[in-house]
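Just below is one structure, and these are the notes that go with it.
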């Protein structure tokens with residue numbers, strides 16, 4: 001019987017692989033350079049994210065599970081930046097720093113939601129033989145319940161056979177999301193997780209379920225695997241093991257917005273489940289549910305234990321949704337006890353538009369949980385005039401509750417949410433527009449409690465007033 005729980009009390013996971021730092025520069029583009037026929041981007045914001053094996057570790061940490069990350073980096077600023085980023089998510093890093101190579105970094109320049117350019121700073125590690133990395137792996141294995149080898153083809157796993165042997169000697173399951181068509185190099189692993197196209201590139205075209213099973217079992221025998229999980233997009237996933245019936249799970253995705261990083265989520269939850277003592281079937285079930293959540297988000301994302309628990313039990317993936325102040329304080333206390341970072345913002349959100357959506361997505365990325373405090377109808381009327389709000393409080397909150405970026409919604413009836421913020425005390429208070437941080441309601445209370453305050457830019461040209469004006473023009 002499956003343990004329908006997203007709590008992994010015994011799990012500890014070790015990750016080794018190609019670690020990367022993803023950097024994003026965002027800016028406005030209004031003219032062409034006089035020097036060359038290229039756009040000029042005025043950089044206004046930037047963001048850093050963990051990539052490659054580091055993203056796998058981030059996925060595991062999001063499940064409130066202890067995780068250690070091993071890999072190769074340069075002795076450079078980007079390597080330090082990556083370690084700092086991971087430390088914020090309570091990920092223990094033990095990197096081998098090389099003076100001969102830079103930390104793999106990908107810099108993307110974006111404007112108006114379009115990627116204009118990507119710059120790669122890397123020299124792969126294919127010719128690097130790192131005994132130090134093997135020694136770190138050997139000494140760490142005994143303290144963990146599963147090993148993930150994250151292969152992005154950059155060379156960190158060029159001694160993958162020795163790594164697999166070390167794990168087998170320690171009786172630790174080894175899970176690998178394979179790269180390329182040479183699956184022989186993964187001989188002896190516990191589990192591979194190829195997607196359908198990767199699987200068919202190795203075994204040939206499969207025209208039926210029976211052929212998938214037949215060729216999958218043959219591959220397991222050929223390279224001495226314990227199991228094979230083929231992820232099949234909208235067709236779900238299929239687990240194959242010797243002398244066991246095929247175990248198929250239909251997709252859990254309701255809507256698919258972006259499959260970026262879904263493979264990392266699958267192998268992260270699989271490894272966590274196995275490290276927690278779950279069966280292959282249980283771990284695959286949880287991984288399938290997690291994949292259904294993450295493909296409904298934009299960009300590389302992680303899945304929290306609350307989201308996973310909610311999906312298992314048929315609740316909304318937006319967390320606990322609309323709630324009273326008392327309920328909010330209770331769940332915030334629980335989230336803080338789990339070490340989650342709480343972000344809070346507020347507004348009228350009268351007619352939801354792309355500027356709102358973009359702003360809330362950016363706010364959510366700054367922490368683990370996003371609270372949106374919404375002005376009551378009377379509060380909006382006092383601030384905006386007798387003709388507002390256009391939509392009543394219930395309607396405004398119902399629409400906001402449908403956004404994947406929003407975890408918790410609460411109403412407030414005063415002109416500002418200062419009292420509410422002082423009682424909730426988020427880790428980060430966010431406001432959009434041209435405010436000075438010290439002028440934002442609740443900022444002093446948040447600072448006094450050790451939190452921070454941040455101002456985010458709104459998307460140019462997007463406002464409720466502009467929407468209302470356009471509607472009035474059409475009417476006239």
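Backbone N, Cα and C atoms are what each Cβ position is placed from, and that goes for glycine too.
Taken from Swiss-Prot, the feature region 'Ribokinase' applies to 1-318. The ATP binding site feature in Swiss-Prot is assigned to 195, 196, 197, 198. The active site annotation in Swiss-Prot covers 264, and the record cites sequence analysis as its basis. Annotation source Swiss-Prot lists region 'Cytidylyltransferase' at 344-476.
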Inset, instruction - List, in sequence order, the residues of the same chain other than 195, 196, 197, 198 whose Cβ lies within 8 Å of the centroid of the Cβ atoms of the recorded ATP site. - result: 194, 199, 200, 201, 230, 231, 232
Inset, instruction - Would you mind reading off the Cα separation of residue 195 (ATP binding site) from the residue listed as 'active site', to the nearest angstrom? - result: 12
Inset, instruction - Would you mind checking how many other C-beta atoms are within 10 angstroms of the C-beta on residue 196 (ATP binding site)? - result: 16
Legend entry - Counts of helix, strand and coil residues, the region 'Cytidylyltransferase' (344-476), according to DSSP: 56 helix, 26 strand, 51 coil
Inset, instruction - Counting Cβ neighbours within 10 Å across all chains shown, tell me which of the binding-site residues 195, 197 comes out on top. - result: 195
Inset, instruction - Within 10 Å of the Cβ of residue 198 (ATP binding site), how many other Cβ atoms can you find? Include all protein chains, please. - result: 20
Inset, instruction - Determine, to the nearest whole angstrom, how far the Cα atom of residue 196 (ATP binding site) is from the Cα atom of the residue listed as 'active site'. - result: 15
Inset, instruction - Give the distance between the Cα atoms of residue 197 (ATP binding site) and the residue listed as 'active site', rounded to the nearest whole Å. - result: 16
Inset, instruction - Tell me whether residue 195 (ATP binding site) sits in a helix, a strand or coil according to DSSP. - result: strand
